Amino acid sequence: MSLLGRDYNSELNSLDNRSQSPSESSSSITSENVHPAGEAGLSMMQTLIHLLKCNIGTGLLGLPLAIKNAGLLVGPVSLLAIGVLTVHCMVILLNCAQHLSQRLQKTFVNYGEATMYSLETCPNTWLRTHAVWGRYTVSFLLIITQLGFCSVYFMFMADNLQQMVEEAHVTSNICQPREILALTPILDIRFYMLTILPFLILLVFIQNLKVLSVFSTLANITTVGSMALIFEYIMQGIPYPSNLPLMANWKTFLLFFGTAIFTFEGVGMVLPLKNQMKHPQQFSFVLYLGMSIVIILYIFLGTLGYMKFGSDTQASITLNLPNCWLYQSVKLMYSIGIFFTYALQFHVPAEIIIPFAVSQVSESWALFVDLSVRSGLVCLTCVSAILIPRLDLVISLVGSVSSSALALIIPALLEIIIFYSEDMSCVTLAKDIMISILGLLGCIFGTYQALYELTQPINHSMANSTGVYA
């Protein structure tokens, strides 16, 4: 997979200056991957698969609980609105990057560069002087977001592994709905996280594209297979939803906002994907097609999952599946898919941090530093998962804190800064201001509510605990 890594020697050659800042290093690497017309690059189908894979992760499985937090009517409508808004902001980001590329006569401008170059042309003197901090801010948010995704992946895999292992002795061939029964876990969830840790460290050491493309294909197959079985189950015998609220409490709606923004995980990969295409001018069609599929999938899974499980809906829909070998295999397949997807999400922070770290040492130490930083970052995501083992709340927190800024706030502000001096219409200006305000409010109140819930005692009927069901 072309987005997951490269040969180590080519990574060293991409360092133009050994004293580059982290953002400068990441910019040189991103620019290196440009495929001029006619040269090898991603086809439309390959780009579509990558786009779908970037957006279909653990957040998707948390959508039934998100719909529960918003209400049976408000949830799907709000999810559709957020999806359309997110796609619109992706288009804004693409247009801003293309406009800056043409203005500055550059082949490619990444997210951080677009922010910096736009601030350099801003009328405000202070912003022009500190334009480089725009790139630093985007790089920092990308690191936080992607490492947050990786931390969630740890929790997801550990939750499902714990449930599969500790229920193995009561797993049967007959698939029946789960009955609520509080059980005491045999081993702490953190033990399972530590068990997964060394395998993920070995995974991120792999930088050979051919090897990673095999893993990516395996992840795609397992994800599609598990999603098919999940839909097959939740569409059977859906109860009449007369007892489900159409609108939930406003406090839980704030958690819905964070989860919904989190699920649209691909905003950080939009520009690199377009950059990697053989024919970049076709990316708009791929984006609209891919994101339409994603939004429809989100709404259907979230709504049907909540209607199926009602008040018993868990942080991940896989934890609601029957305790039989067929659906235990679903958890295993999706966990395998998430395991290999970890490398894709890990790619973004690694490409920002590692080149800077390598540039500070001699070439003889470069490989050691590279592998050490990779190991340290994976351990950091594991420690974060251990400290806050609440899948639903961490998803909402990451979505509120950083995903809202990257997906909503910054693209809207970029359009204002870049096009305001070029006769921007009042409608466009008002639209961008409203998007920025919405993103900011969601960020502030969503973060507050997620942090507040984290300080409260764990309600085991709501937490992502495998001891809830038998």
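Glycine too: its Cβ is placed from the backbone N, Cα and C atoms.
A quick note: this is a predicted structure, and the numbers were derived from the prediction, not measured.
Positions annotated as region 'Disordered' by TrEMBL: 11-33.
Look at TrEMBL and you will find 19-31 tagged as compositional bias 'Low complexity'.
The domain 'Amino acid transporter transmembrane' annotation in TrEMBL covers 42-450.
Summarising the annotation, TrEMBL assigns transmembrane segment to 73-96 (among others).
Non-local neighbours of the transmembrane segment (136-156) in the same chain are 21-23, 26, 57-59, 61, 111-112, 115, 189, 193, 196, 200, 262, 265, 268, 316, 335, 338-339, 341-342, 345-349, 352-353, 377-378, 380-382, 384-385, 389-391, 394-395, 397-398, 401-403, 405-406, 410, 464; each lies 6+ residues outside the stretch with a CB under 8 Å from one of its CB atoms. As annotated by TrEMBL, transmembrane segment applies to 136-156 (among others).
Non-local neighbours of the transmembrane segment (189-206) in the same chain are 5, 154-155, 157-159, 161-162, 165, 212, 215, 339-340, 342-343, 346, 350, 371, 374-375, 377-379, 382, 385-386, 389, 465-466; each lies 6+ residues outside the stretch with a CB under 8 Å from one of its CB atoms. Among the features that TrEMBL reports, transmembrane segment is placed at 189-206 (among others).
TrEMBL lists 213-234 (among others) with the feature transmembrane segment.
Residues 3, 30, 33, 42, 47, 50-51, 54-55, 57, 59-60, 62-63, 65-67, 69-70, 75, 78-79, 82-83, 86, 89-90, 93-94, 97, 108-111, 114, 142, 145-146, 149, 152, 248, 283, 287, 294, 298, 345, 348, 392-393, 395-400, 403-404, 406-408, 442, 445-450, 453 of the same chain lie 6+ residues outside the transmembrane segment (254-273) yet bring a C-beta within less than 8 angstroms of a C-beta in it. Annotated transmembrane segment per TrEMBL: 254-273 (among others), in sequence order.
Here the transmembrane segment (285-305) has Cβ contacts under 8 Å with residues 44, 47-48, 51-52, 55-56, 60-61, 63-64, 66-67, 72, 75-76, 79-80, 83-84, 86-87, 90-91, 94, 230-231, 234-235, 238, 263-264, 270, 277, 313, 317, 320 of the same chain, all six or more residues outside its ends. Taken from TrEMBL, the feature transmembrane segment applies to 285-305 (among others).
Tertiary proximity for the transmembrane segment (365-388) is limited to same-chain residues at least six positions away from its ends with a CB under 8 Å from its CB atoms, namely 8, 11-12, 147-148, 150-155, 158, 190, 193-194, 196-197, 200-201, 204-205, 346, 349-350, 353-354, 357-358, 394, 454. For 365-388 (among others), the entry in TrEMBL reads transmembrane segment.
Summarising the annotation, TrEMBL assigns transmembrane segment to 394-421 (among others).
Per TrEMBL, the feature transmembrane segment maps to 433-452 (among others).
Remote same-chain residues near the transmembrane segment (213-234) are listed as 1, 4, 49, 53, 56, 175, 203, 206, 300-301, 304-305, 308-309, 317-318, 321-322, 326-327, 329-331, 333-334, 336-341, 343-344 (criterion: CB distance under 8 Å, separation of at least six residues from the stretch ends). For the transmembrane segment (73-96), the residues of the chain that approach it from at least six positions outside its boundaries are 63, 66-67, 111, 114, 118, 246-248, 253, 256-257, 260-261, 264, 267, 270-271, 274, 283-284, 287-288, 291, 294-295, 298-299, 302-303, 306, 407-408, 411-412, 414-415, 418, 432, 435, 438, judged by C-beta separation under 8 angstroms.
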